[in-house]
Amino acid sequence: MSNSVHDDHETTCKKISLPSSSVSKELDSNTQKLKSGRDDDESSSVFIISGKNPTTSSLQRWRKAALVLNAARRFRYTAEIAEERRIERLRRLRSMAFAVLAINRFMQAGKLADHSLGDVKINAHDLVHIVQGHQVARLQELGGVRGVTELLKTSIENGIKDDEHGLEERRKAFGINDYPRQPAKSFWMFVRDASKDLTLIILMISGVISLGLKMKTDGPKEGWYDGVSIAVAVLIVILVTSITDYRQSLQFSALNEEKRNIQVGVIRGGRRKQISIFEIVVGDIVFLTIGDQVPADGLLVDGHSLYMDQSSLTGESEPIHVSQKVPYLLSGSKVQDGYGIMVVTAVGMMTEWGQLMAAIGEETGEETPLQVRLNGVATLVGKVGLSVAAFVFGISIIFYFVGHLEGADESGKFKAGRTSGGDIFNTLVEIIEVAVTIVVVAVPEGLPLAVTLNLAYAMKKMIADKCLVRRLSACETMGSATTICSDKTGTLTLNQMTVTKTWVGDRMRDPISGLDELDQEYRSVLIEGIAQNSTGSVFLAPEGEGQPEVTGSPTEKAALLWGLQLGMHYTEIKSKSTILQVEAFNSIKKKAGVAVRVKENGKVRVHWKGAAEIILEQSGRVQCPDNIVLQITPDQRSHLLSVIEGMAAESLRCVAFAYMELNETEVPPEDKLEEWKIPEGPLTFLAIIGIKDPCRPEVPEAVRRCQAAGIKVRMITGDNITTARAIASECGILKEGDLAIEGATFREYSDDMRAALLPKIVVMARSSPTDKLLMVSALKESGEVVAVTGDGTNDAPALREAHIGLAMGIQGTEVAKENSDIIIMDDNFASVVRAVRWGRSVFLNIQKFIQFQLTVNVAALTINFVAAVTAGHVPLTAVQLLWVNLIMDTLGALALATERPHDGLLNNPPIGLRDPLINNIMWRNILSQAMYQVTVLLVLQFRGTKILGLDGPKAEDINRTIIFNAFVFCQLFNEFNSRRLEEQNIFKGLSTNWLFLGIIGITIVFQAIIVQFLNKFASTEDLNWKYWLISIAIGFVSWPIAFLVKFLPVPEKPILVLKHQRRTKRKIVAAGDSEEAAPSAAL
């Protein structure tokens, strides 16, 4: 088997070869140069962090600056340095113990050492020791690699039998390819975290004290209501919070499982297929190509130029050469260069990788930039709330002791020497309860957590849109993308390639019938090159049972299918020669070669194929139809170049075939073949094929929508510049006035010229991974928010450097996926656009929730403040405020943070990384609604009994109940207003949002129960239908107010900007993250 031309560097097989780490080091050094000088402080704002890999110091700063009621919920991922070190030491000890226990558990469950597989004469432990211990002598005793395959009852050509019974027997004998997960955080742990809220603890203590006092003064029959009411309200808050957090945790766990489910190429029953990594069994024959992760321990059966990256296991970055002499492959290592075929010898917990993964457990997660920014908003609002609560507490104490405020439980006003100590203490407890409850409502703990809820919902739904999110912050950042650098093959095109034009011998010919007149020797050499110089394969079904199955990259499949149409007998051609050495394809040379020895006559041929102009440049002769070889004249070379240009202008990928014959003296002895570099010319030119890969039908519209949304689409490809121009024009990317250049040209620009031309460059052809990295860095330096797609191993630096790295799910390598933020599961550019839409939706949903919550905060604080100052008491009790807090925090977040995105989001420009969270439109909406609520409810507070005509002993209690009821309905109606920040039609899309309607309905039902039936519990009185209508009408008025205020213009400049700390003037070096250099953070 040999390697050959893959799709350009943007496709799976276009994975750059790294025979040493030199290229990798060069890319890494370039990245470091571009990032040099990055300020460790990251930002002048405490509440602004980088979207990728924020420093520990920045996380520590914002944590210390945040006002927090419950650190267990707010700081799940942000560790303190000292604590982090202590936990790390403990984790190492636990990891070793856990690994030992896990191995024992698996051994006992599967009885791996004792269970036999038919007449297999080797056990699991023996195989483990051979591979992990590199036991050469023991391997030779068993007959080498082929001897082991025979002992495992597998075939190198056909693999194991593909029947479920046989597979299950292998699992019982050798184990499954999985490892035990560390126990997930249980529901009760979330309950414990929710219970750590300081204010809730104070309320519980107050409730217990109140319970004891009331039962003593009023007796058990009547005295238990107040204390138990507060306790039950607190427990409900804890329970609802815990359920919400637990469900988020389950969603993230499910997404982690999806990320681990890697697809692996195997051969079973003679047929090549893709299976899940968890389905691998001992004896499987696995195909490895550049960028793949080795799915299990095994031995190399066949392969060439195979270099492995074992840094994840050993920590050593230098690649390891695996060959027939040293055939040991370890699970978890990655293919850095070459390709190979391996037989699996150990799986799951019998591998070092399985033990390691079982020990380290799940990823810890991350704090996203939006969560941190919202902590800044929560801190500001919380400080205001604490001030109001402290003022209310102080003024209530003063008013009580000067005789201006009634005591608790109708104990009357304070009278020195006459009021009992019990009444004083009871009143103080009640004042504390109210003050603490104001803090609960005022400090918006749910604000940062709403982001997590929103992201969990978005990540789950994005899977249906073919986007698998690997990094939470990418959901947010996609909404800010201003440019998308896209690959061509498979992303903008269908990746369904067929040979539509050919130049063979001396002229353009029909791809099939036109080759009939060629000399037989000419055809045989060409077909040999097609079959042997390929990483694809052909499965020939039994006669009469269907067409041959061709596997491999799209380019490989197109070439092999063309060969089959020419009458190629694949198995026969492969058997007629032996592969001596392979030159793997890479995106710098853009060609692949193979040296073969013909068994019949011993001739050695070197076949090359690759980018047509490159193969032509290295060819000195051309094969004629009658098999005569002639020198290529200048006129003929010009003619061939025009043929290539003509094909490329028709959007065809041009691939050329050529070969050369070697003398025996030019071929090294067998023991030197591993180090042999096959010659590159002079070649004899054979043929050019034009491969058509149609543009995806949905791409032009997706590109148009991106452009309308203020996002510039750029195409970066390894293809010929003429082909690139044609495809870019067809997709709507390249327009009049835009530039299409080659990677080498872009590389040679000076910094000033590159910066000047960058806005016009939309196509970069014949680009290398270094060119792609340079493009991404230059765009970031110019202030763009960059999303970049990639699939090859050497796309990893560009994927890491970009604000959002998008790896291809079908054609992408595991290395590319690991360095990405989002995996596009169908490799379709239209899915990238859907990801943009989700990113904008995440930000907008958070703004909706902020508007809703801050309206409640402003109204509640103002009402309590004014009432406390003027009347000496607040209108809402502790239980009532806790219910409002539940509506505001958890239920509000569920209702507003789970709105699905709509196409209208793409009619707006990108969201700036520093756009204010609370813009002027939101301030207009918040202040108008809060002013209305405060005005109406204060009027009811001071004049309600007279306006409503209330009299009798319960007049004040009914009035307070109406205030409470009206306040809740104001929030419910305002929840509808918050669905649309700018649009007048707040009901748009409401009929499809069943969760929103369900939460509103549930809230109304519980409000009715609280008011009508839980009078003792919530300190309410029954309301008749007239007062219910009044409460609803007060809430309903918020709709016309919201409609009218949206006609009021607002200034573009933010009204309120929070500047956290001034930054000392430092020079920001070229590629420091643009988002880390902001001087201030707008609320």
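Cβ atoms are placed via backbone N, Cα and C, with glycine included.
Please treat TrEMBL annotations as automatic predictions, because they have not gone through curation.
The feature compositional bias 'Basic and acidic residues' is assigned by TrEMBL to 1-13.
Summarising the annotation, TrEMBL assigns compositional bias 'Polar residues' to 18-34.
Taken from TrEMBL, the feature domain 'Cation-transporting P-type ATPase N-terminal' covers 141-215.
Residues or ranges marked as region 'Disordered' in TrEMBL: 1-47.
According to TrEMBL, the feature transmembrane segment maps to 198-215 (among others).
Sequence-distant contacts of the transmembrane segment (227-246) (same chain, at least 6 residues past either end, Cβ-Cβ under 8 Å): 73, 187, 190-191, 193-195, 200, 203-204, 206-212, 214-215, 433, 449, 453, 878-879, 882-883, 885-886, 889-891, 893-894, 1016-1019. Residues or ranges marked as transmembrane segment in TrEMBL: 227-246 (among others).
If you look up TrEMBL, you'll see 380-402 (among others) marked as transmembrane segment.
Here TrEMBL flags 434-456 (among others) as transmembrane segment.
A Cβ distance under 8 Å defines the sequence-distant neighbours of the transmembrane segment (854-874), meaning residues of its chain 6+ beyond its ends; these are 381, 384-385, 388, 391-392, 395-396, 399-400, 404-406, 434, 438, 441-442, 444, 881, 884, 888, 918, 922, 925-927, 929-930, 933-934, 937-938, 941-942, 967, 970-971, 974, 978. Summarising the annotation, TrEMBL assigns transmembrane segment to 854-874 (among others).
The transmembrane segment annotation in TrEMBL covers 880-897 (among others).
Here TrEMBL flags 994-1015 (among others) as transmembrane segment. Residues 883, 887, 891, 894-896, 898-899, 961, 964-965, 968-969, 972, 975, 979, 1021-1023 of the same chain, all 6+ positions outside the transmembrane segment (994-1015), place their C-beta atoms under 8 angstroms from a C-beta of that stretch.
Residues annotated as transmembrane segment in TrEMBL: 1027-1048 (among others). Nonlocal intrachain contacts for the transmembrane segment (1027-1048), taken as residues 6+ away from its ends with a CB within less than 8 angstroms of a stretch CB, comprise 924-925, 928-929, 932-933, 936, 948, 958, 961-962, 965-966, 968-974, 976-977, 982-984, 986.
Secondary structure by DSSP for the domain 'Cation-transporting P-type ATPase N-terminal' (141-215): 46 helix, 1 strand, 28 coil.
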